[in-house]
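K.L.:
I'd like to ask some things about the structure below.
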Amino acid sequence: MANEIVPAEGPSDPPSRTSSMPSVRPPRVPQYSPSPFDSEKVPPTLVADVRRFLRVANQIESESPRVAYHCRFHAFEKAHMLDPHSSGRGVRQFKTSLLLRLKQDEHTTMQMRKETSDARELKSFYNEKKMKEGEVSSVLFEVLKAFISRAGPESAAAVDIEGSVRSYDRYNILPLDTRGGQHAIMLLPEIKAAVSAVRSVRGLPLAEAAQDAGGHKDLFERLQCWFGFQKGNVANQREHLILLLANIQGRLSPKPKSMSKLDDRAVHELMVKLFENYVNWCKFLGRQSNIWLPSVKQEVQQYKLLYISLYLLIWGEASNLRLLPECLCYIFHQMAGDLYGMLSGAISFKTGEKVVPAYGGECESFLSNIVTPIYNVIYEEAQRSKNGHSDHSTWRNYDDLNEFFWSVDCFKLGWPMRPDHDFFSTSPPSKQSMSPPSNQRTPALSNQSSNTKETITSGSQQKWVGKTNFVEIRSFWHLFRSFDRMWTFLILALQVMIIMAWHGLETPLELLDPLVFEDILSIFVTNAVLRFIQVTVEIVFTWKARHTLNFDEKLRFALKFCICAIWTITLPAVYLETSNWQICKFISWWAQPRLYIGRGMQMSQVSLLKYTTFWVILLSIKFLFSYYFEIKLLVQPTKQIMKVNVNEYDWHELFPKVKNNAGAILAVWAPVLLVYFMDTQIWYSIFCTIFGGVYGIIHHLGEIRTMGMVRSRFHSLPSRFNDFLVPRTSQKENKRTFRNFLHNKIFKDLKCERSDLVRFATVWNKIINSFRMEDLISNRELDLMIMPVSANLNSNSIRWPLFLLASKFSTAVNMSKDFAGKYEHLQRKINKDGYMISAINESYDSLKSIFEFLVIGDLEKRVVGDTFKKIEQGIKNSSLLVDFQMNELPSIHEKLAHLVEFLFENKLAHREKVVILLQDIIEILTKDVMMNSSSILDMINCSTNLVLDGDGLFGCHQPELFASDCAICFPFPDDVSLKEQIKRLYLLLTVKEKAMDIPTNLEARRRISFFATSLFMDMPSAPKVRNMLSFSVMTPYYMEEVTFSHEELHSSQDGASILSYMQKIYPDEWKNFLERLGPMASNEEIQYWASFRGQTLSRTVRGMMYYKEALKLQADLDRASDPGYAAIDGEQNKRNSQQSLSAQSDALSDMKFTYVVSCQNFGAQKSSGDPHAQDILDLMIRYPSLRVAYIEEKEVNSFDNRQKVYSSVLVKADNNLDQEIYRIKLPGPPIIGEGKPENQNHAIIFTRGDALQTIDMNQDNYLEEAYKMRNVLQEFCRHHGENPPTILGLREHIFTGSVSSLAGFMSYQETSFVTIGQRFLANPLRVRFHYGHPDIFDRVFHLTRGGVSKASKTINLSEDVFAGFNSTLRRGYVTYNEYMQVGKGRDVGLNQISKFEAKVANGNSEQSLSRDIYRLGQRFDFFRMLSCYFTTVGFYFNSLISIIGVYIFLYGQLYLVLSGLEKALITEARVQNVKSIETALASQSFLQLGLLTGLPMMMELGLEKGVRLALSDFILMQLQLASIFFTFSLGTKAHHFGRTLVHGGAKYRPTGRKFVVLHASFSENYQLYSRSHFVKGFELLFLLIVYNMFRRSYESTVAYVMITYSSWFMAGTWLFTPFLFNPSGFVWRKIVEDWTDWNKWMNNQGGIGIQPDKCWESWWNAEHSHFRHSGLSSGLVELLLSLRFFIYQYGLVYHLDISHQSKNIVVYVLSWFVIVAVFSLVKLIHVGRRRLSAKHHLLFRVFKLFLFLSAISCIITLSSVYKLSIMDLFVCCLAFIPTGWGLLSIAQVLRPKIEYTGVWDTIQAVAYAYDCGMGCVLFAPIAALAWMPVISAIQTRVLFNQAFNRQLRIQPILAGKKGNKLT
């Protein structure tokens, strides 16, 4: 480009510039101190090539500015070479700023040069740095080499440099280059063995390209050369495999003879597990595995490692193909065949030459030729989904593409793959391709595009394969299809019960009556019909996948349809003639299609017996209840209704000839039948509560609930700790003998070895110190809770924490002071309290030890020694009470306390006071306490003789006892251990607090109690760190908070600042923080303190890094407790005797633990200067073991255009900067489906180990729980008689429960689900799946089976649970373990909670359409299928049924009332107060009021807190309006589940995770809840009002209230809950602001680009956008549902006084003229506003007045002429308002047809009027209540009751006051 900024020439030596420079060099400029050039803001296209030179320049600038200048110049040259036209984003600006900096520094740095030329300067500085490790030497060498090549041959001759230098090899965990050999981790024998095996390439053939280069150093480089894998992938998987092998080698038993050689068992174990899925796939398809092993034994291990390495390299570079596990099997199958052909030297039949890889080994050949074509298909199919709006049947998702490889047809793809195969076609018939435009296409879509597309086009024979095996069609019928056995069972059982009740059977024997039995046999007709429906639905739903079905499956469908049709037609006729029947057993393919997954899911006999028993009991009680309280009670009224002959109706009856009053019977039976199908969910909740509670009790849940219980059981904790958390040193201890059982279970507390205490005390102290670092406890509490173990004391002495011994010594003194009796009785009384005797013994031993150090004079030593001897003699002879007077013990106690206090202060000024106190103590002892102290007194008196001088005066006086300079050693020398001993003694003598009060922090108390409880649960014993399973933790991160910035902490908008909020919510922790760091704590520490209490990434990272800290301590304890531990290391420990133990512990922890945070936008955040990027970097610096994976997007030049290149990058912190470790190029953008699972998928290749824990970024962990990770991982080795588990479920603690009452409700609800709920799902039901994090996955198992989540757009919205589905279908097994917990944050505001509930409901709705649920429902046995249904989609469907039941009941009663049937039934059949209907409504209210979650919640609280506290908490929840919250939540679930199932529209709803509770405006609440709650609430209100006005059946108002109370409650709840739970919702100032905002929102003009929260029109269009994407069937369903609104008008117009009791249809027809008139009036107002309001405002007002007067005139005329009454006007409102809403609903469905007609403006105007009216009706009562200040006070108390109980100041937070800044 003409204006491109390019330097004419680079910097050169001074001789070349003599013509332009003065001969005398100017003096140096010592003031040179420029700011570093920003090396982090580099355009993405240049980062990989340029940034390292800029970083090194900044690093060395202080040492050599001139060399730094050359590094920057070289960076500029590379940038210009990469992008000479500056076409990349930000490149021009970067080059401009860098060039300006170079011009600025050129002359200045020249003057600071030390050598005579630049070349010599560079050479000299390079020689200084080249021997040091790091990136500096590598960068300097490249700069020097470039400079010499640019300067010419003269400079090259003047400066001789080495021909090559080893580049700096970045590493992740293992420094595999030669310089890393001395790292501690490389000295581990198992690492050495694995490295040696991987580097063994002897006997392998060389690729042609490698022969000249001298071969390759390991197996991975050979595979790279053969198949064209990327360098970053090779390096990543090399380390991956070495760590896998090393960890398996380390836990082999028995140990290998030589640890330095890789054992064959380790390779075999990994190979079997890694290729299990591949081998099963080959067997399923009838193909022979391509894993061929040689006959030579010495080569077997090498071949196995080659196959393993090949698979890992394929997996590591497969990108989105990792989500297609069987596709990877296909690729591996073909490449393994190529590999073996090369290894064996086979000859190709086609070419007649040696076999070579099909795609060659060119650079990135695997990515370009194999991954990219398949990725293109995935991408284009995802594009056709239109961001999830398209119907699922129109595009192939990940499952469809993967299941293509479940058929032998996949081999028709060929190898090399045929680009013209139908698999690669992404355009359905008669539709154009949905691939992106050429100018927006990714490199993955264009690398092969030209040749491939040409081939495809020329063939023109491709057709879209379509869906594979399953079609996700949006319909409620999916629930019947998936769980048809359950529905059939319930329907047949209902039929049998109706028959029994109809015949009035009293005993089961009456079933044998011929007439009854004949009716019973009719169930086979019903079953035939149901089976026919099921087969029909199956065929309809599978029709679009017919092209992928093989002949057997098509034949199965055809035969099943024909036979079911014949059965359905002929069976009724046969049934009339005979009752004989026969069950036919069909072959397996008849019942189920042959699929790769879903086979072999049978449970063991014990598990089968447990959940079968559970369901048999539950169903028996359910059917008994349904029969006696629902069905039987309804039969007699039904018979009476059928006999009534109704001749007169209160309206125009459309079907007067219908017999038996079918409408009335349907109105009565419908709600009961719905409850019949729903109430199994209620019974499940009850039984889950009972059985789950019993199971929890059996497994010691709640064993220790309070600190009082901790205190009483603390003495047993060391033994339990030693049993479970300390590895056993010998195999004998592992044997389960009867003797060991007695010791472990019965006699364990009788003996506590000192070694056990030392280990326990070490870990306990670490835990307590972590509490202090987290500011949960104060310094004083730290001193009281530490458990010291000192070698100075008697080995038999146990030094318990002081909070256990607090006040024990004082109590013992007071007890002994007034004791009258024998010493044995006193001793027995004291010994009853073990902590008291411990306090006495420790005090005595400590005092004796301190006196021995303090007293150094000979006389004083003798006096003190004799005193202690007399005390010990008295104890030994049991004569203590005889030899000593105990009444003076309190005074001695007081003196000793003062003495120890002065000793602790250790000041010289206190020496005299110490002497006097010592003298007082001895005097009291000898004169008041000891009965025989003559010997001591004589000793003292002998030393006090006076000496006279010559004059008879006192010449000198012998110093008093302890008064001489050499009598005592005070002050003490600086001895930390002695000072701690004195401090502990002082606290022991003076502390008066009760143990119940320590610690005071509730979170600390909870954590200690749970840790103590967990030690009594059933957990596997911990192995040694070296023998444990290795694991990784992975956290997906998007754009959430990392760390609160200084501005965020102190800014205050609507509410208080975050910092002030935190200070008020956590006052004790803030006080402890100031105590720990002082009032001048840095801003950084304050930011972290606040961030660790929010739902931030920094909190999660801190918690997860506790794993590393725990592993390091455990490694140290293993080494200390096992004398033979060091021998395992072999010779290297002798050679490296100076190696620190800390480095060895770090090495072991690195080998066992890895933490990767997948920050997908980290690269973009860095480029844009987002502060989140710096926060993430700060976390990496703070925690060096943290790794961050991100997706880099950059543009590169390709021919004539620029294309985007995507890469997965792993970085770590180095020199306070992020350093790239691995870079793996991707075929295209990896986020093409659901974001979170694909974010996980891109980063999973950087994880390590046998297990993988998935953690969300709003979670936390605790040090004491991290110690139990070894135990949890051992669960993978427990089989329990079944398959080993593949997912380990863990308990969660919701740490946000104390923020508000809503947060408390959510916390209790979540806690009950993640404890008693999941406990029961896992055992005995065996249907626990993966419900989110923090579950632990068998990493190798899921690595080969599609990963830890599914990622198809929309259908996998709840991506977590699909991992559990997938694992179960692939013969996995999910467990749940409660002895370890992880923290979890939840939403705290009603709007946040509602969004979360909506997201989960949407996800469950999509699940019901998924193939996973269908296959689980079909493949599980019957009772396990019931468990699956009622714990997944069934819960939400039953919630929907419960809501529908209320509507059906009310509409049924409305039909009876308005039609006149109710009057006839009362007068003629006396059908009144049908009890079964009341029972049905009571059952519905059980669900409505939240009792489904309340019962398990109560049980769990009772287990963990005790019955009394659980009951009080439950009552308090009700007082805080918990029932209102749960009823509102039920509406949220039902609305979003039902709407998504009919229309789709499921999407991720970000909720935000802020702690601050803010006021939500009225317009915001209206937008969020208008359609989900307000409209439905008004509909209920209309139904109830109409029913109440015209009812006649319930003469008693009390009876009416009892039958409809739940409906009234639901209506009120749905209408006003958002305002009731809205902070400051009844403050007048907020009300005024809300009204202003509401009017502004309603009146703003909409348009393109206007967001829904800005104006009503945009919101209205967005709210109904789901109709645009719903199909024909969904539209028909909506139309049918909308017809219900017309029943009001049809029924009520015949009850108007103006109708004069006419029942003619004309009355109804005339009523539509009113609708037309109202709509016309609205249309006129709308047109007038549009045309007149702007320029003719006065005319518009006159026009509105005219319309108003005209309407009034019409009403007056009708009133005077046709007797229109005031009540008629009210009834007309009730009649016509629902009709208008029904018309609006129909118009939305028909919008595509009428949107561009003149009618649409009228519809929009009417809709505006409806929303405006609803808003005003809702706002009026809120504004009225806001006039009463007491209402606001009550609301605040209800919302923040827990805060009031903790005496926190809530009003300043709600009022928006800023918190006090730190001073």
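We count from 1, first residue shown onward.
Cβ coordinates are placed from backbone N, Cα and C, and glycine is handled just like the others.
Okay, these came from TrEMBL:
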| type | residues | note |
| --- | --- | --- |
| COMPBIAS | 426-438 | compositional bias 'Low complexity' |
| COMPBIAS | 439-460 | compositional bias 'Polar residues' |
| DOMAIN | 302-418 | domain '1,3-beta-glucan synthase component FKS1-like' |
| REGION | 1-41 | region 'Disordered' |
| REGION | 426-460 | region 'Disordered' |
| TRANSMEM | 486-505 | transmembrane segment |
| TRANSMEM | 520-543 | transmembrane segment |
| TRANSMEM | 555-576 | transmembrane segment |
| TRANSMEM | 608-629 | transmembrane segment |
| TRANSMEM | 684-702 | transmembrane segment |
| TRANSMEM | 1428-1450 | transmembrane segment |
| TRANSMEM | 1602-1621 | transmembrane segment |
| TRANSMEM | 1705-1726 | transmembrane segment |
| TRANSMEM | 1738-1758 | transmembrane segment |
| TRANSMEM | 1764-1784 | transmembrane segment |
| TRANSMEM | 1805-1828 | transmembrane segment |
K.L.:
Roughly where does the domain '1,3-beta-glucan synthase component FKS1-like' (302-418) sit in mean pLDDT, to the nearest integer?
P.N.:
90
K.L.:
Could you tell me what the rest of the chain brings near the transmembrane segment (486-505), counting residues at least six beyond its ends with Cβ under 8 Å?
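P.N.:
Same-chain residues near the transmembrane segment (486-505) but 6 or more away: 480, 511, 513, 515-516, 519-520, 522-523, 526-527, 530-531, 534, 623, 626-627, 631-632, 634-635, 673, 676-677, 680, 1422, 1425-1426, 1429.
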K.L.:
Establish whether the number of Cβ pairs under 8 Å between the transmembrane segment (608-629) and the transmembrane segment (684-702) reaches at least three, counting only pairs separated by 6 or more residues.
P.N.:
yes
K.L.:
For a three-state summary based on DSSP, what are the helix, strand and coil counts in the domain '1,3-beta-glucan synthase component FKS1-like' (302-418)?
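P.N.:
Tallied per class, the domain '1,3-beta-glucan synthase component FKS1-like' (302-418) gives 79 helix, 2 strand, 36 coil.
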K.L.:
Can you work out whether the transmembrane segment (1805-1828) touches the transmembrane segment (1738-1758), with the criterion being 3+ CB pairs under 8 Å where the paired residues are 6 or more apart along the chain?
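P.N.:
The answer is no, given that the two segments have fewer than 3 Cβ pairs within the 8 Å cut-off.
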K.L.:
Residue list, the transmembrane segment (684-702) vs rest of chain: Cβ under 8 Å, 6 or more residues beyond ends.
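P.N.:
Sequence-remote neighbours of the transmembrane segment (684-702) are 614, 617-618, 1013, 1016-1018, 1315-1317, 1319-1320, 1323-1324, 1378, 1430-1431, 1491-1493, 1495-1496, 1498-1500, 1502-1506.
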K.L.:
Can you name the far-off residues of the same chain, 6+ from the ends of the transmembrane segment (1738-1758), with a Cβ under 8 Å from a Cβ of it?
P.N.:
1698, 1721, 1724-1725, 1728-1729, 1732, 1764, 1769
